[in-house]
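Participant: Copying in the features that TrEMBL gives for the protein in this structure:
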DOMAIN    202-290  domain 'PA'
DOMAIN    387-585  domain 'Peptidase M28'
DOMAIN    652-767  domain 'Transferrin receptor-like dimerisation'
REGION    67-86  region 'Disordered'
TRANSMEM  37-60  transmembrane segment
Amino acid sequence: MLIITKVKVTVSVRIEISMEEKGSYSLLYNSPKRRKYVIALIVLSLLVFFGIGILAGYFIGRGAAKGCDDGDKNDRSKPKGDTQEQLEEFHKRAVDMISTVELRKNLKKFTKVPHFPGDPENFELAKDMAEKWRAYGIDVIWKNYSIMLSRPKDMKAGAAALYNGSILIHKSAPQERFLVPSENNSKVVPPFNAYAPSGSAKGKLVYANYGRDEDFEKLKELGVNCSGKIVIMRYGKVGRSTKPKRAHKEGAIGVILYMDPEDYAKKGVDKVYPKYNWLPNSAVQRGNIKSTPIRGDPQTPGYPSVKGMYRLPKEEAEKLLPQIPVHPISYEDAEPLLRILTRDVVLPNSSFQGGLNFPYGIQMAEDDPREIEVNCTNELYVTDVYNLMGVIQGSTHPDELVLLGNHRDAWVFGAADASSGTAALMELSRALGAQLKEGWKPKRTIVLLSWGAEEPKYMGSVEWLEEHSRLLSARAVAYLNVDMSVDGNYSFRAKSAPLMDWVLARGAMKVPSPLGNETAFDEWIRKIPNTLGLNYLPRLQQPRAGSDYVNFIQRLGIPIVDIRYTYNSKTSSNPLYHTVHDNFWWMSTLIDPEFKYHQVTTRVWTEITMVLADSVILPFNVTHYGVNMKIYNTQIKKKFEEDFKKYNAREDLKYLDEAVENFLSASREFDDFVKGADKENVAVVRKINTRLLNVERAFINLEGILQANPLQRHVVLVHSPTIYYSWYGGVVDAIYRARKGLVTKEEVKKQISIVAYGINSAAQILKLSPIE
C-alpha cells in the first residue's frame, strides 16, 4: 500500500555551453529571423516540460489518493502513535486485549510437567516461548550460564529417622502423597533443601521453634544446649536459609525443617487440600538454604558464570555453602519426632506451642536412649541454565531499557511459583506484539526476561546482571518483576521502590478489579491501606529479598516493582508453596477458576510497561521519595530512641534530617521545573530524564553497607539481616551489633552518616545547576 501525503515534482533543465558554443549562440540569437525560431523553440520546450510535469502530478496524485483511500479502509481505526492520545489508545488496546482464556491456556502448558532449573523440560518451555515471541515480532536472544546446582542424587530421597539403638522406629516418607491424578509424575523431585551437604548426622533432638535469634536466646536462658544435637524447626517468621545457619552457629550437627499446621493448616488438619487451600499432612516445602555473602553461582561470586571467568575450585566453593545435613519433612512425619521431647523444661512462651494436638517439649530426657538421624542425599553439579530475552527496539530512545522479568523454573509444577507469572509474561508479550503489528513502536526499548534459575537463589538473574552490570547502570529505566502473578484471591499487592509508587498507583487506576465494580486501585487501597500515613496510596511493601528484583535495586540502584494478586495475610497464606500441590488443578479449582485475578496482574503489568516505554518524561515522583524518607527518619528515631541516646548518636541524626530536607528542597524545585518545561525541547527533556535515571543510583554505596551482604548497597532500602526492619538497614544492623558488643558506638554513627551522604548525593543529582 502506497501512502503519499505530499507530492513535489520539479523539472530542471540545465544547458551547459562552451565558450565556442556561447559565441555561436550569440550570432544565432542576434539574427532577427532566427531569433523568432529560437524563441519558438524555447516556448515549445517549456510547454513540453510543463505538460510532462502536469501529467506526472496527475498520475502520482491519483496513486496517492488511491493509497490514502486504501489506508482509510484498512487503517481508519488504527492509531499511529504520533500523539499522546494515539499512544494512550495503543495502551488501552493492549490492556483490554489481556485474555483470561489465553492466560488459562498458558498456565496449563507451563505446568504440564515439572521443570526444575537446568532440566530439559525447562529448556523446552523456553524454546516454545522463543518461537511465540518471534511470531509476535519480538527479537529473541539466548543467554546461558554454567552454574553449580544441587539436588538429590539419582532422585534418591533423604530422610529423618528415629532410632532406638539400631532399631528403626520411624522414618520420614521419601515423597509426598499425590492427591490428584496430575501430580503423579516421575519427574517430581523428592523433598529436599538445596545446597545442604550430602551426609548424615545422628544425635539427640532439640526443638527451636522458628529458629529465630530470639528463639535460640530463649533456649540459652533455659540452659538448653544445641551443641552436638539435631535441631528441628518449623518454617516461617524468618527466611529458610537463616534457620540452619543459626542452628549451626549454636553447634547443631543436623537440622530438620517442617511446616507446622498452626501456620499452614489454620482451619484444622481435616480441612486441607484438595478440598481446601490448606496444607495436607504429607506435604513438604522444598527450597534452597544457600546463604552466601554474594548471591549467584558459588564458583564465580560477584562475576558472571561465563567462559573466560575464573571459577573457584569446587572444594573452595563448598566452604561457602551450608556445612551440616538439612532435610525437610511433613508435619505427619514431624509428629513422632516431636512427641519424644519432654516438658521437663517449660516452654519459654506460648509461641513455641504449635498446631499438632499434643503439648510440645524442648529437648529429650537425659536417659532417653533414642536418637534422630538426618540423612541428606544431595549432590552438587555444574550445568547450563538458559535465560531467554525478548527485545522490542525503541524508536527514539533505544538505549533506555525498560526491563520485565519472571523466572521460568520451579521446584515441581509451580502453578503459582512462578508459572502464573510466566503465563502473564506470555500474554503481555502477545498484547504488545499485536500493537506492533498495528504500527506502534515504543519510544524506549522493552526487554522481556525469562530467567532459567531463580529457585537456587536468583542465579539466572544474578549471572545476567553481573554480565551486564555496567550497561544496566547506565541505561536501565526500571525492572518490573512478576514472580507469582497470583498466589491468592484477596487483593492486588505490590512491592516498590518509592520512585515507582505513583507509576504503580496510576497503572492500577486504569485496570478494572476482578469484579468490575471498581478499579484495581480502589480495591487495593480499601483492602490493604497505607501504614505510613500516606492515606492517598495503598500499602506498598518495601523490596526486601524474595525474588529476582532484589539485586537490581540493592546492587545497582535500578528502580523496581514486584506485583501480584495475593491472599489476606491476616487470615491466610500460601500454604502449598514449593510443594507438589502447587499445580494447575489447585490454581484452576481453588484459587482462580476464571483467571480474572491473573488478568488483573497482567493488565497492570502491561499498562506500567507501556507508560514507562512511551512517556516523554519518565513518570517518577521524586518528591514522594523525599516524603517517604522523612517518615523513615521519624520512625527509626522512635523505634531505636534508647539506642541512639546510649550511643550518643542524636546529633548525627540531625544531619540525617538535614539531608532529607535538602533532598525535598531539590525535588520540589525539580518538580516545578518539570511542570513548566517545554516537552518539545529535546535538550530540556534530556536534562530532566538524565536526572530521573540517575537519582536512584545515588543511593548506592559502592563500598558496601552490610558485612554479611557486601553487595546489598542501597543506603535507604537495604534491610537488616539481624533485626526485621525495612529501611536504613546499615544503621539498624550496627545497632544490633553494638548491643552484642561486636562493634562500638562509632559504627552506629558511621552508618547514619553513610545514609545522609547517599541522600545528599541524590539531592545533588536532582539540582538543576551543572555543579555546585
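Glycine is no exception: its Cβ is also placed from the backbone N, Cα and C atoms.
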Participant: Restricting attention to the domain 'PA' (202-290), give the mean pLDDT.
Facilitator: 97
Participant: Going by DSSP, how much of the domain 'Transferrin receptor-like dimerisation' (652-767) is helix, how much is strand and how much is coil, in residues?
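Facilitator: For that range the per-state counts are 74 helix, 2 strand, 40 coil.
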Participant: With DSSP as the yardstick, break the domain 'PA' (202-290) down into helix, strand and coil residue counts.
Facilitator: 21 helix, 19 strand, 49 coil
